Amino acid sequence: MADHKNLPHHFLLSLSLLSILAVSQPDRTKDLVSLRSSSESGVIRLKNDTVSKFITSVPTPRPYSLIIFFNSIDLNSKTLQELRAEFGFASSSFLANNNNRSDVANKLFFCEIDSSDSEAFHLFAVQSLPAMCLVDPLMENPQDQEVKIDEYDFDGTAESVAEFVERRTNFTVGPINRPPLLSKPQISVIAALLVISTPFLIRKVLKGETFLHDTRVWLYGAVLVYFFSVSGIMHNIIKSVPMFFRDEEDSNKLVFFYEGPGYQLWGEGLSVGFLYNLVGLLLAYVTSALVRVRNVNEQRVVMMLAMAISLLAVKKVVYLDNWKTGYQIQTYWPSSWH
Amino acid sequence: MGGKEDPTANGSPKSESMAGKKASPPDLLSSISLKSLKLKTKQQELLLRVSILGLVYVLAFIARLFSVLRYESMIHEFDPYFNYRTTLFLTEKGFYEFWNWFDSESWYPLGRIIGGTLYPGLMVTAALIYWTLRFLRFFVHIREVCVLTAPFFASNTTLVAYFFGKEIWDTGAGLVAAALIAICPGYISRSVAGSYDNEAVAIFALLLTFYLFVKAVKTGSLSWALASAFGYFYMVSAWGGYVFIINLIPLYVLVLLITARYSLRLYVAYNCMYILGMLLAMQIRFVGFQHVQSGEHMGAMGVFLLMQVFYFLDWVKHQLNDTKLFQTFLRITVTSAILVGGIALGVGTASGYISPWTGRFYSLLDPTYAKDHIPIIASVSEHQPTAWSSFMFDYHILLFLFPAGLYFCFKRLSDATIFIVMYGLTSLYFAGVMVRLILVATPAVCLISAIAVSATVKNLTSLLRTKQKVPQTGSTKGAGSSKSSSKVTLDQSQPFQKNGAIALLVGVFYLLSRYAIHCTWVTSEAYSSPSIVLAARGAHGNRIIFDDYREAYYWLRQNTPTDAKVMSWWDYGYQITAMGNRTVIVDNNTWNNTHIATVGRAMSSYEDEAYDIMRSLDVNYVLVVFGGVTGYSSDDINKFLWMVRIGGGVYPVIKEPDYLVNGEFRVDKGASPKMLNCLMYKLCYYRFGELVTEYGKPTGYDRARGVEIGNKDIKLEHLEEAYTTSNWIVRIYRVKPPTNRL
């Protein structure tokens, strides 16, 4: 390394003179800042052209460091997207914790490169994902192994990203702020619902007929618990499954139903659980409430509808079950019937 | 098959209506034939009911015989082999020998106190049946008794289900419930002939206890409460799942207290059941003082004390006439009772008198707990959470009927229906957390669905009948059990209703017949496999049987020294001791995690490191299960990551990432070097590289994982191949003695 030190310096002097003439360096930082402010959680998406603009064509020492996450949307990997989210948390926490210190905040930028920008992707000679690298101000060769973040340094959490940044640069990321479970619009919707329902609730309580005294509420609760159990929500929580997959071949196609027993996605469990309850409650309604309806036509229509819906729902669920478990149910007839 | 029984369940009201018309001339012929039989309406109904129950009883038994017909009369799976071995011991040596048995053949070098670490209910039951048969001069082998114990108790469960259904709804619901539970796959999965496991007896005991308790609450009689305490005792002696009872019943009592349904009947039923049940349960050595000390049982004790407070308050209220005074008194008593209870619980837990919850129980309440903290629980496939398809597979049409049943229960709330709703919902929640608990939920699902079927069919048939005899509504009103529902519909007699009702009835029977088909099919194809003998379909659709397990175990029995110690993963421990009659290091009773982790560490270390561990455990033979030749997927390579996890949980030198490549578990060329050279890999794939398993594939093609293995040139240094079964499923290696140091 020592032998090479002089050479870059000479080279650098001449280059920096040139570059001062062409584009002044603070502009690049400004560009990065504006890009960062327009991107989600402050992670700049680098493309083929921007990589050369901010990395390869900038003479060292660059006035900033970049930490790059290599992503691949087409790969549809859940773990990779989780890592990407953690990377985003590290980025947003870094910004939030150094909000009023532009000397720090504008020296380190969190970026990502997607595999669709193959030129930029190959520039760093990334062989496998997940991969990250740190472009410090003096970095010359992007293919250098020192640039890469060691696998052992990154255990998949935002904290480990922060730790790495603090070890390799002089910046501190600070505590990681993860977003709360409910976002602000969600909280406001819930609050609005609460406010609207309060007068009704108060009236009820004053009347002495709270919902706890109503068996119907308990019935709904029971049905809900039932729904919760049989649609496999516990499975979804324990195994933390996604709502759906993206098709491996076509990333625009969504897969809601997973073939094979012992695993399921959120969507399928919920829809099947809904069908169970639909048929069951229709049956209860038809046999005990509908008979009290006076209007014959109404009865007729509702009953036909209920029967048609039930038939379709049962058929659908049985079909799905056979498809999912791979079993084909057959009847055993006495052998003389064949 | 079961579905066909259902229509007859509702045959009873029909026959009543026939009898009701006796006087009219057109029915003369039938009335004559009836008269010649000399049966009154009630007798007819009874006859029908008894014959249906008898058929259901037989049906429940024979539906479970598929496994015997398909294979042979043998014990299934893993745990049943231990049960079989202990039952054999019990019948040969007698009860006291059995009770004091120290088994040195398992958990070498620790051994295991069998009498103190098992639930003896199953073995004692089987032994009693065996002795009874011997006494009656039926000389059967104990194995046949063991094989058929589960179907026998399943048949008995149908009877209990009938009485339970009768108790919570009516006789119709009882009959339907009996028919449904007789063939419900959720129950059959654990009670086919040969699955000689605790659950086989326990579900019967569970339902019986619940039934007797509900009966006790309803009648307030001491004798029913006493009976339920004995039912509970039987349950405790049979299965660890009794914890469910001792938590559900107090919860139920608590709910009754909150909903102002407290009565002296409840007081008598619960107190008697709790106190006697507790005293009896403590006689089981495995439970012992846990029943008053462990956190899982504290709820029952708390409710017991609460009952006393309620009774006391009732008494005080009776004594004091001043309501204001009573209110103050009430406030003080309730606060101080809660305070004292809380302090007692806190002190008990802090001082160690009350032990905290066990991992399995805890993982039910906080389902993500086991996944993160206890690999030995998370590794078992039956402890996995349930996907919707498993529910559908095990309950089929009942899932559609259940919400309707809930609705009917809420329409007619009583102490009994509250109980069944609570039982159904809690057990279904637990079933969602762990696949194996579907079994516990099955009786409740069958009962509630039976209520739905019975209520629906009864409503519809009464609709049909009122149509026919509008002028004689009076006689229908008197018709025994269908009183309440027919009252609702009597005033409705539009012409359309008949057709609608017929259509709906046809629909319901169609559904039930689908259920019967599903159950029969599932029983024969999915749940009757003994898993010790594997079956596969050949290229021409013919059946191929792999009997490698027994081959290997008999080899061990015949060809190894009697004091040889065999090391294998814990899954096969029970089978090796029962069939191979050799000492094992670990087995399916996973009581010592460290010992299992030691085996896991040996399996995942390099050969020379593993050799030291094996020497320290005096291991003579190592047994691995390998499915690469046959495509059998639940072999040791597929279980290997769990060995690493469990081993790594105790010995941090074992790290899971060392065996993975980019988070992926591989055995081919891209596998991690540690994986390619660990003991398990070497033992499974030794000489496999020379073998062509599939036409058109290279040598060493693993059919279970569909890859060509990465290390074909395996040399063993400290072990040598002793025996490999005909399909390579079980491979046994001999551990060489240390080389002579001279």
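Numbering starts at 1 and runs along the chain as displayed.
Using N, Cα and C of the backbone, Cβ positions are placed for all residues, glycine too.
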Stated TrEMBL location of transmembrane segment, expressed as one of B:171-188, B:495-512: B:171-188
Close approaches to the transmembrane segment (B:200-217) from elsewhere in its chain (Cβ under 8 angstroms; 6 or more beyond its ends): 121-122, 125, 149-150, 153-154, 156-157, 160-161, 163-164, 167-168, 187, 190-191, 224-225, 227-228, 231-232, 234-235, 238-239, 241-242, 244-245, 249, 256, 265-266, 268-270, 272-273, 415-416, 419, 423, 439-440, 442-443
Region pair the transmembrane segment (B:229-255) / the transmembrane segment (B:145-165), three or more CB pairs under 8 Å: no
Stretch contact, the transmembrane segment (B:267-286) with the transmembrane segment (B:145-165), Cβ-Cβ under 8 Å, 3+ pairs: no
Summary of DSSP states over the domain 'STT3/PglB/AglB core' (B:565-623), given as helix, strand and coil counts: 33 helix, 9 strand, 17 coil
Remote residues contacting the transmembrane segment (B:145-165) - C-beta distance under 8 A, at least 6 residues beyond either end: 53, 56-58, 60-62, 64-65, 68, 73-75, 80, 83-84, 87, 122, 125-126, 129-130, 133, 171, 173-182, 187-188, 190-197, 200-201, 203-204, 207-208, 210-211, 214, 443, 446-447, 450-451, 454
